[in-house]
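Over in Swiss-Prot, the protein carries these features:
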type	residues	note
TRANSMEM	7-27	transmembrane segment
TRANSMEM	36-56	transmembrane segment
TRANSMEM	62-82	transmembrane segment
TRANSMEM	94-114	transmembrane segment
TRANSMEM	159-179	transmembrane segment
TRANSMEM	218-238	transmembrane segment
TRANSMEM	250-270	transmembrane segment
TRANSMEM	285-305	transmembrane segment
TRANSMEM	310-330	transmembrane segment
TRANSMEM	340-360	transmembrane segment
TRANSMEM	367-387	transmembrane segment
């Protein structure tokens with residue numbers, strides 16, 4: 001589809017992504033309304049607008065570069081200041097609500113399938129793909145698409161609907177903590193801590209106070225991040241080459257799980273080195289803002305209307321069912337709201353987008369735990385997707 005900026009205009013696209021990320025951060029720290037909305041939402045929503053008015057292309061190698069290189073570099077930078085013992089404490093609670101959210105995906109898939117099975121071709125295959133994807137992530141989506149041999153045009157239409165749904169759900173999840181009803185009915189200790197840290201004036205501006213940072217800090221942050229990513233990619237690639245079982249390739253061969261685990265191990269072994277590094281949070285957060293811009297770009301309403309209106313309804317039912325089940329169970333079992341929202345994000349969008357949300361909201365204690373727990377979805381997603389797809393096919 002034609003756009004003002006072509007998909008191969010690399011420098012212009014990089015310029016737009018970086019400038020819009022900077023504008024989003026600037027607005028968040030300058031205006032109270034923008035701080036309330038959050039810079040992440042401004043970055044994402046602005047990118048959606050620019051796509052839908054025909055300025056940005058829906059696809060480009062530049063966006064792939066952000067996913068392949070920028071996001072992996074951001075992850076260790078954002079983990080350098082964490083408390084390793086706190087990670088394992090938080091992970092137990094997150095694991096429980098993550099599994100509840102996965103049940104929400106399954107229930108939503110069943111509901112959506114029986115409502116729409118007469119109206120969408122190959123819905124058994126699409127149902128298997130989305131069931132796997134909304135527990136794990138894009139890796140599971142691709143695996144199920146290949147397994148069920150879903151026709152290419154329906155895979156493409158589902159990807160379009162899924163991209164739009166993910167952007168919409170991210171907007172909903174990141175906005176929920178600001179709503180009074182949720183503040184009255186759920187515990188929100190992490191959100192309250194962020195507000196307390198920035199209790200005067202603009203909370204975002206107060207949270208991101210100016211810090212001393214030296215050339216050595218920048219060099220050591222960058223060097224450590226690049227080294228950890230490089231080693232993790234090699235290790236995960238090696239494990240993928242020697243193991244064939246999906247369970248092993250899905251854990252030991254997953255680059256994000258290896259990267260997160262290796263980073264946590266190194267921080268545990270050399271805590272004083274990383275405690276003395278300044279600027280890691282700031283550098284990592286800016287990289288994540290580039291990611292926020294990129295995930296908003298594929299949400300093209302024109303493609304939705306043309307190719308996938310009913311599939312969008314299908315994925316919407318599943319995502320909202322996941323959210324509703326998670327909120328209800330979370331309330332029943334007194335799970336903290338931040339953990340519920342991150343679990344929903346991790347199931348529907350994968351651990352990377354969940355970690356990005358935790359970063360955007362300032363819930364730094366939950367970044368590493370949700371990355372670790374979210375990768376569990378990669379393991380169980382394919383099993384659930386296979387079962388659901390085969391079961392759905394018996395009704396067609």
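Any Cβ shown, glycine's included, is placed from N, Cα and C.
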With Cβ-Cβ distances below 8 Å as the criterion, list the same-chain residues six or more beyond the ends of the transmembrane segment (340-360) that contact it, or say none.
38-40, 71, 75, 78, 94, 97-98, 100-102, 104-105, 134-138, 165-166, 169-170, 173-174, 176-177, 186, 256, 284-285, 288, 291-292, 295, 319, 322-323, 326-327, 330, 366-367, 370-375, 377
State, in range form, which of 36-56, 250-270, 367-387 has the highest count of Cβ pairs under 8 Å to the transmembrane segment (62-82).
250-270
Can you tell me which recorded stretch out of 36-56, 250-270, 310-330 has the most Cβ pairs within less than 8 Å of the transmembrane segment (94-114)?
310-330
Per the definition of 3+ C-beta pairs under 8 A with sequence separation of 6 or more, do the transmembrane segment (310-330) and the transmembrane segment (159-179) touch?
yes
